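Visitor: Quick paste from TrEMBL:
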type	residues	note
ACT_SITE	141	active site
BINDING	38, 39, 78, 288, 289	Ca(2+) binding site
CARBOHYD	203	N-linked glycosylation site
SIGNAL	1-21	signal peptide
């Protein structure tokens, strides 16, 4: 009958459309996994030349996906870079900076009063519009007071801790850091969650891996799109690995932690394949900042050929290892020289999910889908901020430093060195040095280590300056800084009595409030 023919035609049309949609790489709401390492350096991966070649799973991930040699964080320190990833905005906009001093790195230790502002819109809040279930596993670091925790900012589930795993503390002067399941603590680091500082042994990475695998399985079974933010912290000093991985690396204890994380990445990707959802899951691997060279060779990684490390706006502090993986969509073995940034993960994830980014605020992240799917290259700058100061800007292969500073002479004399064995006269300065009128300019293609500034007055210098200057002027003239969240500290706000402590008998006496301005020495 005519009606039957119409139904058949409609059915055929739908089938063809679906096939075309799948062929062109348009799948509705792919799952999203962002793997964010802690203090892992660009040079820690075999694919980036680490001589021990101890990251077979990450190297395979790169061979099956796209490698980004020019990928950056938004800040050379943990908390601000994580705030930037989840908001798509520079820390100077989202409030994760301090005005207590000029160009000072600030983060969220236990004493911090502030955290991520309720006015900021985080990635999981946006993904909810398309029915995503979101989980964070590992370190949060955007504030530990109740109003700042993940489930208040769009996440549905959480297993992990609000702060770094520093300790052990004696619980009278300072409490040990709590580990949360969703909105209630399960125990504390060094107590229920053992970290043996002497041996460097802890099973936390295994716990974080199993929790992630369980989450992926549950969502796949329920056929719900999911966002997994996997943020293990084993490569942050004091570094640790579980018993089965201790002594496995040629690189010592830090290397053991990397080997275990590499194994974990392999397990997650393998599960996606066995569940048959690898073609519908976008995975991105990167790190929050450069390797923490000041922690010494036993407790920190490698920034490859780059200058200095964590806390600095030299390449070693902000250029990150980065791999995108999405079988059937991203060309295998691709290398993108796109200048990209951790904030792009916000905008790109929204684009993949089919959600428009917020239009009532400046978003600094770019949509990288043309890069991922077509290997296009977009002209865009990289801004290197330290606290409230724009220290440097990269455009193309040229990087201009408007301020240089590693750390103060006083800090250096105490043995705190952000550039061990890498002092470059006039570049790695120990006082804040302004170069606004005549910035130091490096061509990073031939000088990735920032050792040879281009001579002032050379044609190359003048051309590079005239190319970068308009970008800087436009950025500065339109910038509206957010309200700084990292200015105030108070011993009374530490993790004395987190939610759930009553049930466990783990509540500690809260001292009287002593608000004061936080001291940020570098």
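Using the three backbone atoms N, Cα and C, a Cβ is placed for every residue, glycine included.
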Visitor: Just to be sure I understand the packing, how many Cβ atoms besides its own are within 10 Å of the Cβ of residue 203 (N-linked glycosylation site)?
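Guide: By my count, 18.
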Visitor: With every protein chain in view, how many other Cβ atoms are within 10 Å of the Cβ of residue 289 (Ca(2+) binding site)?
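Guide: Other Cβ atoms found within 10 Å: 32.
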Visitor: So for residue 39 (Ca(2+) binding site), how many other CB atoms are inside 10 Å of its CB?
Guide: 29
Visitor: If you count the C-beta atoms lying within 10 Å of each candidate's C-beta, which of the binding-site residues 38, 288 ends up with the smallest number?
Guide: 38
Visitor: Name the one residue among 38, 39, 289 whose Cα is closest in three-dimensional space to that of the residue listed as 'active site'; these are the binding-site residues.
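Guide: So, spelling it out, the nearest of the binding-site residues is 38.
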Visitor: Which whole-number value in Å describes the distance between the Cα atoms of residue 288 (Ca(2+) binding site) and the residue listed as 'N-linked glycosylation site'?
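Guide: Distance between the two Cα atoms comes out at 22 Å.
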